Structures are given as structure tokens and as C-alpha cells.
Amino acid sequence: MVNNNKATIFLIVVFTLSTIIHVIPAYISNNLFSTDVWPLYRDAKILLGKPDAKIWDDKFFDGYNNHWPGIILSTTIYTWVTGISLRIVYMYIYTIILSLGLLLLFYTVIRRFYSISACALAILILGYTPSYLVFTSSPLKETYAYPLFFAITIFALRTLINGVLMGRDLVALSVLSMGLVLSHHLATFMLAGFLLGFVFVSIAYHLWGKNLVSPLHMLKASLIIVVIVGVFLSYYFTYGSASLKISASPGNILTYILYGLVLYGGYLVFAEKRSNQLLVPIIISIFTILFLMFSPDLARVLPGVSILGSRLFWYVLPMALSIPFIVVVGDEMVNLLVDGMGLFILYNIIYVLFGAPFFSSIIHRFINYIVFIMAIIVAYMWQKRSSLKKSLAVFMVLATLLPGSIVIVNIVSYRDGVSYTWYYPIGETRGFDTVFTYAGDDLKISGDTKIVFYGIMVKNIDSSLLLKTLYYNKSPDNNQLFIIYYENYFAGCMVYLNYYSIDSIFNRGAYNRLYDNHYVQAYLYGGKY
């Protein structure tokens, strides 16, 4: 009883710390955090001012986010009901609600397998893995989808393991699926893939003569996948396709299927007699893929892959250190979860790297899902009696806590070279607003991704003009206005997920500095204004 009380107190502390760290960027900057949040915020602001506007009507909204409007509708209703400022809702309230909701529902998923203390360590992994921490520190479409993602996962695992699937469950699943689909397409895709992976691994064990779950349970779990896919397709062809065109040529579909047959077929053939010796080449292959992802040679053939070098060190470290620990998993039910998720993540990463380079700009989104596997492995190791495995679990937690904390500190102190485009100190946005206000319609305005997203529905910002100047070394046309902010000078300008150095280009005589508030500078090329 005493140990349980201590574990519960530790769990509460973990939830508290893991939630607080998510609001630090917004608190320090006194502003919204993330490039992606600004269009959502502006759409919600329009909806508050024009409650009779139809959310799918592109003449009122940005034309993309309003077709996946879960977070927009939710924050608008919350603001209207409570009277709390929409800005505060996006900065703090929804960041806290979504972070805590994600952690609580993930805890619910793994609590059926592990002790309270093991789950607490898993929550630390989920809360502090750098790339995932940064991504979930803002109320975005996908972060809004995560609680729904895990709510459906709870139903699916209960069905797969216990065979429980009542009529009312299907109704609840249909509602949750609609909420998930309205929130984000990629989260829906990943959930369907994970659940399909769980069923596939269950079938594999059955073929190997190990009745991990009943075939009837597999069939019932497959019904949940059908519900999710059915809801998604219904919505996509009704409203979603207007903003998201999926490249689904026969060649792309065939290539994707072939990659799946090779990967999943290979698992079926080789994974039955898994051993440390077999896993060594698998781990080496994964490390090779990670290396290739950031190698200059690959970047020349894959659009959207940036070469960040040492900038990525703290982001990559926890995941790189965690991958070898896959070899310690000896529990079949844990393997069902880890393999089911891992196969689908690896499947999409390999396909994008070698079969569909035009999707390479979203490869980091697939990598983010590895954090769920990391968390499960840590909980598994802590649960074992082996002091070595417990020590490895603690090592993984420390190897995640330190980088996660360092990344957040670097972001708020202007030293981060990866996520700096997500950080908007209030002085910076005031500078952007001033330039937007006084820049006439005759000027062509250019800036990097950070400024483009901030300017959506306010000012037309063309990042291609900046790209032509920095990368192709072409002289701009007269009356082109370039907006530059502090981090551009040491981290570069981010355009289409690639980074370009500005060197001293704006010190040339043809550029006139029209504005400077320390955070933001505006340079006009040619002529006078």
C-alpha cells in the first residue's frame, strides 16, 4: 500500500511536470507557439466574428484547415461559452487540456499491462521526447486528434484482447471516428495502420501456433478498422478532398502495396524465430535509414530533406538510444503492440525514402510516432525484476528528460536551429504587424516559412522570392520587400523545410532597410518607399 501511494504521488508529479513544460514556450514568448497554429487561430477568430459562416466555405477561411475543422470548431465553442479570450485559449488552456488528455489516455492504454510506476516512466518519455514535445506544445489539428486517437485505441485493444464489442461500442466508435477524421487526416491514417498492424501480428502469432488472441477477436477488431476507414472515406469524398489531393496514381498505389508485401511478408517469414542475432541487422538497417535521411547525397535526390547536422543532435539522441532496446522485449503481448506500430511506421518511412520522394517533407511526422514504442519499451523494462533492465529504463528516461529540457531552453533563448520558426516572441509579431500595416499593395513581400504562416489571411507573403535570391542567387525585382527576423542571421531562412543562409546579402547597396525593431527588419530592394 505504501509503495502504491508513493507510485501514485510520483505519477501525479510526472503528469504535472509533463504538462507544465508544454506551456513554457507560450509563456516565455507571451504569444502563440508554432507556425501551424496561426491559420487555426485566424479561422477561429473569423468564425467567432461571423457565426453564420459555413466552416467549409473557403471565401471566409484559409481553404485548407477549415476542411479539417475539429480544433477550430472546438476552440470557437469553448471561447464563446466561457468568454475567455481566444488568444489565451490557444496559448494556454487548450495546450494544457490536449497535453493532459493525451497523457491520461495513453496512461489508460498501457495501465492494463503495467504498474503505476512503470506507466509514470512511460509518461515521461511521451512528455519529454524533444520532437514530440515541441509538436504537442501547441493546439494543432493533429495534437487535437491524439486524445481521440487513444480513445479509439482503448476500444480496439479491449476488443482484440477480450473480444468485447457491443452495439453501443460501435456507436461510440463511429462518433469518435468522426471526431478524429474532422481533426486530422494523418492521425486517422496512422491509427488505421496501427490497428491493422495489431491484427496482422495477431494473425502471424496464430499461424506460428501461438494463440495470442482468438480469431473471433481479430475479426471484431477488424470491424473497428472498417468503421474508421469508412468514416474517413465518406468525409474525404464529401468535404476533405477539396483541400487535400492525395497522389494516388496506379503506379504509386502498386509501389506502396509492393513495399508492404515485402516488409510484412518478411516479418511473417523471419519474425517467428526472432533472436538477438536476427534483430542486429534490423537495428543496423534502421540506423542506416536514419543516417541516409540526413546525408547530403540523399538530399540531392529527395526534395524536402534538410541537412541540419549537429542541430538535430538533441532531437535524435533519445530515439537513437532507444532503438537497440527493442532486443530486450520478450513478452508476446508487448511485441504485439511494438511490432504492430513499428511495422507501419517503418513501412511508411521506407516507402517515402525510396519509393515516393515527393512525400519526404512529412517524413518527420511518421518518425514522431516512434515515441509511443519508446514509452511502451521503458514501461516493459521497469516492470521486469531484472535490475539491469530497470537500470536501462532509468537510462532511457534520463536520456529523454535531458534533451527535451535542453531543446525547450534553446527555443526560448534563441539558440535552437531546428524549431526556431515555431517561436514567436511578442516583439517579433508586433514587428511583422507593423510591416504588414505600412507595406502598400504595390510591394511584393517575401519571407521564410515562419512569416508566411503568420501572414495567412492577413498579407500575401511569397517565400519563393526569398528562395530565388538566396539559393538561385537571382537579383530581385524592384519593389520587393524582404522581412527578416533575428534567428535568420544564425540559423538561416526556412523555405519548404530547407534552410538557406542569408550571409550578408542584405548589406548590399541595392537594399534599403526600412524597418528595424531589433526582432524584425524589413529590406526594400530598389527604389524608395
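One-based numbering along the chain as shown.
Positions of Cβ are set from backbone N, Cα and C atoms, glycine also.
Nonlocal intrachain contacts for the transmembrane segment (64-81), taken as residues 6+ away from its ends with a CB within less than 8 angstroms of a stretch CB, comprise 39-40, 43-44, 47-48, 51, 55-58, 89-90, 93-94, 139-141, 144-145, 179, 182-185, 239-240, 242-244. The transmembrane segment annotation in TrEMBL covers 64-81 (among others).
Per TrEMBL, transmembrane segment is recorded for 88-107 (among others).
Tertiary neighbourhood of the transmembrane segment (113-135): same-chain residues 4, 7-8, 10-11, 14-15, 17-19, 21-22, 99, 102-103, 106-107, 142-143, 314-315, 318-319, 333-334, 364, 367-368, 371-372, 374-376, 378-380, 382-383, 393-394, 396-397, 400-401, 403-405, 407-408, 411, 419, 422, selected by CB-CB distance under 8 Å and a gap of 6+ residues from either end. The transmembrane segment annotation in TrEMBL covers 113-135 (among others).
As annotated by TrEMBL, transmembrane segment applies to 147-166 (among others).
Residues or ranges marked as transmembrane segment by TrEMBL: 186-207 (among others).
Feature annotation from TrEMBL assigns transmembrane segment to 219-238 (among others).
Feature annotation from TrEMBL assigns transmembrane segment to 278-296 (among others).
Annotation source TrEMBL lists transmembrane segment at 312-329 (among others).
What TrEMBL lists as transmembrane segment is 336-356 (among others).
According to TrEMBL, the transmembrane segment annotation covers 362-382 (among others). Within the chain carrying the transmembrane segment (362-382), a Cβ under 8 angstroms from the stretch's Cβ atoms is held by residues 106, 110, 113-115, 117-119, 121-123, 125-126, 129, 131-132, 135, 142, 186, 190, 293, 304-305, 318-319, 322, 325-326, 328-329, 331, 334, 337-338, 341-342, 345, 348-349, 352-353, 389-390, 392-394, 396-397, 400, all 6 or more beyond its ends.
Taken from TrEMBL, the feature transmembrane segment covers 394-414 (among others).
The transmembrane segment feature in TrEMBL is assigned to 481-499 (among others).
The transmembrane segment (186-207) and the transmembrane segment (336-356) are in contact, since at least 3 Cβ pairs between them lie under 8 Å (pairs 6 or more apart in sequence).
Residues 21, 24-25, 28-29, 121, 124-125, 127-130, 133-134, 314-315, 317-318, 321-322, 325, 374, 377-378, 381-382, 420, 422-423, 486-487 of the same chain, all 6+ positions outside the transmembrane segment (394-414), place their C-beta atoms under 8 angstroms from a C-beta of that stretch. Within its own chain, the transmembrane segment (336-356) is flanked in space by residues 190, 193-202, 205, 212-213, 247, 252, 255-256, 259-260, 263-264, 267, 271, 286, 289, 292-293, 298, 302, 326, 329, 362-363, 366-367, 369-370, 372-373, 376-377, which lie at least six positions past its ends and keep a Cβ under 8 Å from the stretch. Sequence-remote contacts of a segment are chain residues at least 6 beyond its ends whose Cβ falls under 8 Å from one of its Cβ atoms, and for the transmembrane segment (219-238) they are 152, 155-156, 159-160, 163, 165, 170, 173-174, 177-178, 180-182, 185, 188-189, 191-192, 195-196, 198-199, 202, 244.
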